[in-house]
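A.B. asks: Pulled these features from TrEMBL for this protein:
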- 411-682: domain 'EIPR1-like beta-propeller' (DOMAIN)
- 85-108: transmembrane segment (TRANSMEM)
- 120-141: transmembrane segment (TRANSMEM)
- 186-206: transmembrane segment (TRANSMEM)
- 227-247: transmembrane segment (TRANSMEM)
- 267-283: transmembrane segment (TRANSMEM)
- 321-346: transmembrane segment (TRANSMEM)
């Protein structure tokens, strides 16, 4: 026990850190009772049993204090993955010590032919670091009960792979390769591919974690320390450039101004990598503290929200960052250990000396147990240099991509009632207004007008009671009118209706009731479900049951034509913005149709052969032929109505129903989708209008910086995301709404904005 105390090498790693202690359940109960009074206690046994230590609701903006407490051994040793962190740091330090002793011994006895055991220590340290990261990655995706997959018989797999490759080579009549032997370079390439895929998959989440820590640490330090943080973050970019041939030719050039030898160039690269490792270790405390500060930031963000939250969930939202502290430590230190081990292996097995051009090392030893007996030093130098380069490149690329294409954190507004309707309201003062309608079954519903202030990044709200029923659908036009689809109960029957409201955002930021539409289908019965409402100037389109009906708001909201009846239920309908006499319809039988109001004729535009329903769609605001379709299988399809048999683009980033699809009103390559899988996906849909149908899949100049497809997957919501809307005043702002009443307002990252604008 005493030996363990003296050799506890993980303590300096977290010695000066502190965490935030949330209030206990009893403290929250006292604060809640002091602020709002004691809750009513019923007489039944159920309520009596719930008193005491049971969970209860508190306001999100309840006032409480967080206590800063230092991170100590007594608490950290109880966390998950602490044994992994403990073993990784201790073994890596002892591996470095063994390597140092071995190098000192070889410096004084260069002709010694014994096996250098320090190489085995370094390889084991690298493997342990990689194994710890793969374990974390595995825990993110798979359950621990599925352990049978590890018991693989690799001999049978190798024989099967060899036979398949032999048959393929013989069938293709490839000259120069007749049979695949044990020393075939093809197997070496496959082996390297597997190894680097494992390294890449292990470094994804640590790179993202470090980018988040780096962004948080910059907010709390002085300008001098910021320079150190920037150097530690960006130095690998310069190091990677030194591995390229053009940069190397600049330095290793006899006729140039800068002339260094091959050996000196290798020492420069190795020295810079060593400096980067030391820098990462020096700045570890502020980065890890920024991770623990997320608990405090989460508490501040909760206080800005409205509505209630369970007390246990509030405590857990603050405490969760310390619970996963050991995971964050492993993700920070393991890439450093992997790089340091590869650097030392490259130096020793690659036969690179510091004080001389050529080494008289035991590289030519005939001892069978030495690693240098397997391959020549020049070959080992190439292999370990490639391992070092790929590790640096993977780690650097992932964290740079995360930093560049990361959406800014959302501004959150919470509503106590469930909701599924969110729209943006136009304003003459260039302000970003959003309107939310609630969907409560038992309670009176509400309409919330949200004003997002870009300078202060705050949301101010005004609300009014809506007691007509559940708000099912909403739409707004440019004449300050809002159509609201309502679902209410009358005489034990569900009845749908549509009301017209008017908003005065420039005066009072309020919305008021105007009139109610008279909706009756051909059988003179009231509609049951309002599927959607859609504006085109003063014309309003209402889709309900298996009918659509149009109204003219300028003519006392009278129906301009009789309801049109269809064989299937109308899931979604909308005016064609480029041809107001045409209406697009998505039916329950996976059809997308176009209805001509002048001739009362319906034509099929697209039939989904996968038998999955088209739940929603949107027109491209800048191209009259392009549409985005959201399906029940989670696919988003880009369709050209001139050639509906061919899908231009297809994105499979959702795993459940897509509830809303919205094109950006200005930059039509930005496409927003929300789904019942709690996800919000931002896509970059690149289609060149000047190319033919066969060339539409090619990528234009914008894709050189932002690839076609998914830009960001936002996972901030905890419930199904039913609606989204782009800001009317600022097209780089969008809002999303989940069923639990949570509104998130996002601003697109500045780097994405500049890339799209080609700046």
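Cβ atoms are placed via backbone N, Cα and C, with glycine included.
TrEMBL: automatically predicted annotations, no manual curation.
Tell me what's around each of these sites.
C.D. replies: Within the chain carrying the transmembrane segment (120-141), a Cβ under 8 angstroms from the stretch's Cβ atoms is held by residues 81, 84, 87-88, 91-92, 94-95, 98-99, 198-199, 201-206, 327, 330-331, 334-335, 337-338, 341-342, 344-345, 371, all 6 or more beyond its ends.
With a cut-off of 8 Å between Cβ atoms, the residues of this chain six or more beyond the transmembrane segment (227-247) that come close are 214, 217-218, 221, 265, 268-269, 272-273, 275-276, 279-280, 282-283, 286, 385, 389, 392-393, 395-396, 399-400.
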A.B. asks: Quick test of the contact rule: Cβ under 8 Å, at least six residues beyond the ends. What residues does that give for the transmembrane segment (85-108)?
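C.D. replies: Cβ under 8 Å, 6 or more out: 7, 9-10, 13, 116-118, 121-122, 124-125, 128-129, 132, 326, 329-330, 333-334, 337, 340-341, 344, 348, 361.
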